[in-house]
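Participant: Shown below is the structure under consideration.
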């Protein structure tokens, strides 16, 4: 690779790692030409510094000021609010117990979940659904009611019960197509559309249901109830099964308030609970902001993205419930380290430096730091100390040494980063399969999920760790692959412009001589297919339910964060609005 010097040599400082100030510009060499990557610049007899070519990503600056983050607070930690929530929970619990009709029970359970307060009633909801699943006469009660049948199917599948796709055969004609008369039942069509996203591989009836309902819901005309119309538009933008739970709760609270059959006590509980949990988030993000400032990595490595608030948003998406505060704090730290190290590999480090850093992480030994340049020493030590501290807390609380598993996940990540760096520096375009076999690891999903596991699962054993994270369970692969493809769909063009390895879209185009439009459609189809695989794992995997939920939620968060562009690397209006709604701005309560 040829290097082009753009300035007069002057005294060089290894600590000057500011963005937008590349020392040299990279120019790809002609095919077969040898790359010359390093230039020694001597400004005086006392100062001799090896100059290495640096790329610039032109990332947007951090939009969340430290002092503003530290000032976040609310009144919803007051005892009067907490006392009121406990009273409302008892009222809603009584409502659950008194609901007797099958459809009434299903609608109440669905509403409680969508409002974000289902975690308060896990025991009651499990008992209701268990009873519903074992009652032989239930099919007869909702036979012919598409809305009720689809709601029954979706809720039971969401909670791990086996419900065959054949329950929808009664809504199909002799040619195995859905009856045209169903198009008049908008509520039923919407319910079937949402249910179709719980499909497993090979369930062609549900594939047909999705295509049929999507086609007709898209073409709705005439006078439709405004609330129902809003629900349809919301579902067509992104189905409920793919949505981030806490963001969905915030949206649905506003929607539910406008419904004629709204339960005011349930609505009040949802609003109060949202604000109280938001207060928990504010305390956490203040703590994490202080940790990040004290770590000093953002100030020292000015080329890297500073995305603390966006990183914290990811953790809410993965586990929003207040009892998983430790998991969110661990993942916030991990997200910051991932973002920084990703920028070291993608933007700042030379290939030689990246080889050394990968070896250091693989060895997990501070002695390996000796060969690293100064900025990498800082980065490695921040990683080493943070991960070891997480492992120490786990050892102290559970008596299990998790360092080998955490270290392995980081070593695998850095090795995957290095593969992509080698591809970039050699100008190599991998096949799509070759790319994806590496890319589901390089997107850092396994690192996130391994750390999520050790920070939220009680009674960890070495055997369970080995089964779960030692070889990366398939549910981790599916979640990570959705994360990768969603990222590629949003960021591949920008990443190629700043200099990066071809992504899945470009690999498909190169391998199949296809247009970008076709390649993007293929990646979206892959995401849909992978969701079916993950649905199966959620139902059948013996892994702890909180961990399976975290894996699913990571995929949901990916599709949210990259739905309108790169909501992490270059935060857009939507990601800012998500942070404001979940962390900053409480829901206004009605005056009593």
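Numbers run from 1 along the shown chain.
Backbone N, Cα and C atoms are what each Cβ position is placed from, and that goes for glycine too.
Residues or ranges marked as (2E)-geranyl diphosphate binding site in Swiss-Prot (evidence: similarity to another entry): 305, 342, 346, 484, 487. Annotation source Swiss-Prot lists Mg(2+) 2 binding site at 342, 346, citing similarity to another entry. If you look up Swiss-Prot, you'll see 342, 346 marked as Mg(2+) 1 binding site, on the strength of similarity to another entry. According to Swiss-Prot, the Mg(2+) 3 binding site annotation covers 487, 491, 495, on the basis of similarity to another entry. Residues or ranges marked as transit peptide by Swiss-Prot: 1-42.
Burial and contacts for the listed features, if you can.
Facilitator: In three-state terms derived from DSSP, residue 484 ((2E)-geranyl diphosphate binding site) belongs to a helical segment. Its Cβ taken as reference, residue 484 ((2E)-geranyl diphosphate binding site) is surrounded by 26 other Cβ atoms within 10 Å in the chains shown.
In three-state terms derived from DSSP, residue 346 ((2E)-geranyl diphosphate binding site) belongs to a helical segment.
In this view, residue 487 ((2E)-geranyl diphosphate binding site) is surrounded by 22 other Cβ atoms within 10 Å of its Cβ, with every protein chain counted.
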Participant: Relative to the Cβ of residue 342 ((2E)-geranyl diphosphate binding site), which residues of the same chain, six or more apart in sequence, are found under 8 Å away?
Facilitator: 417, 444
Participant: Including all protein chains displayed, how many Cβ atoms other than that of residue 346 ((2E)-geranyl diphosphate binding site) lie within 10 Å of its Cβ?
Facilitator: 22
Participant: Give me the Cα-Cα distance between residue 484 ((2E)-geranyl diphosphate binding site) and residue 491 (Mg(2+) 3 binding site), rounded to a whole Å.
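Facilitator: Their Cα atoms are separated by 10 Å.
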Participant: Taking the residues the record says bind (2E)-geranyl diphosphate (305, 342, 346, 484, 487), how far apart in Å are the two Cα atoms that sit farthest from each other?
Facilitator: 19
